[in-house]
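Going by Swiss-Prot, these are the annotated features:
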TRANSMEM  21-41  transmembrane segment
TRANSMEM  55-75  transmembrane segment
TRANSMEM  95-115  transmembrane segment
TRANSMEM  122-142  transmembrane segment
TRANSMEM  167-187  transmembrane segment
TRANSMEM  217-237  transmembrane segment
TRANSMEM  273-293  transmembrane segment
Amino acid sequence: MMKNETSNFQIGRFLIEQRSFIALIILIAIVSMINPDFFSVDNILNILRQTSVNAIIAVGMTFVILIAGIDLSVGSVLALTGAIAASMVSIELPIFLVIPVVLLIGTLLGGISGVIVAKGKVQAFIATLVTMTLLRGITMVYTDGRPITTGFSDNADLFASIGTGYVLGIPVPIWIMSIVFAVAWYILKDTPIGRYIYALGGNEAATQLSGINVNKIKVFVFAVSGFLSALAGLIVTSRLSSAQPTAGVSYELDAIAAVVVGGTSLMGGKGRVMGTLIGALIIGFLNNALNLLDISSYYQMIAKALVILVAVLADNYLGTKKL
C-alpha cells in the first residue's frame, strides 16, 4: 500500500513539474494529425526561427520574474537599439563595432531600470512602465517616426545574415537562441549569482540579512534583460533590413506569456529557464498551427490568452499543491 502511494506521488509530481513539456507534446501531436505539413522539417525550422526573438527576450524576462519583478520595457529597448543598429549600418560602420555598441546600450538601458527599482525603491511594474514609455518616445524622436533602412552595401548584407543567414543548414537566429539558453541555464544552475537570484525571489529580507547585496542582483537581472532585448533587436532589424519605430510593441506580453507558460512563478523564486524555452515553443507552435489551420488572428489572440490563463491557474492550484 505504501509503495503504491509513493509511486502515485512520484507520477503526480512528474506530471506537475513537466506539465509544460507534456502540453507541448500534446499540441504537436494533435496539430500533426490535423495537418501533416505541420511536422515537416522546413516548418519546424520556420517555427523555431520565428520563436527565437520572443524566446531570447523571455530569457531576460525569466531572470527578472525570478526575483518577483517584471520588465515592461523590453519592446521599447528592442525598438531603440534596433534603430541605432540600422543607422550605424546605414553609414557603413563595421559590424564588429555595431554589435557590441548596440548590446552595450541595451545593457545600460536595462541597468537604468534596475537602478530605479533597486535604489529608487520603485515597484518594477511602475519603473519599467516609465522606461517603456520614455524609450518609445526617444525611439520616435530618433527615427522621426519613420523606418530606418540599413542600405544596400556589403556591410548591410553581412548584417542581414544575422537574421536571415544559415549555419550548417540551421538559421542563425536558432543558433543564437540556443547559445543564450545554454548560457542562461548555466548561470542560474551552477553559479553563485544564479543561487542569489533564486534566494532573492524566494525571500528578499532573508537574502539581505545573509549578507547578499540584493541591489546589485536587481540591477544585474534588469541589465541582462536589456542586453537580451538589444540582441533580439539586432535579429529583428537584420531580418527586415530596416528598423521600424513601432517594433517590439506588445513583445513584453509574449515574453511574459512564455515565462508563465513555462512554469516560472510570478511570485518569484521558482522556475527554470528551460521551462521558458518550452513556453516560448508552445506560443510559437500554437501561432503557427492556427495559421496553418487558417484561423483568424483575432481568434489567435483569444487562444493565446486562454493558454496564459490555464498556465497561471496551473501555477496557483497545481504547482503549490501538496501531493
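Quick reminder: no glycine exception, Cβ is built from N, Cα and C everywhere.
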Result, the transmembrane segment (217-237) in contact with the transmembrane segment (95-115) (3+ CB pairs under 8 Å): yes
Interface-richest range of 55-75, 167-187, 217-237 toward the transmembrane segment (273-293), CB pairs under 8 Å: 55-75
Interface-richest range of 21-41, 167-187, 217-237 toward the transmembrane segment (55-75), CB pairs under 8 Å: 217-237
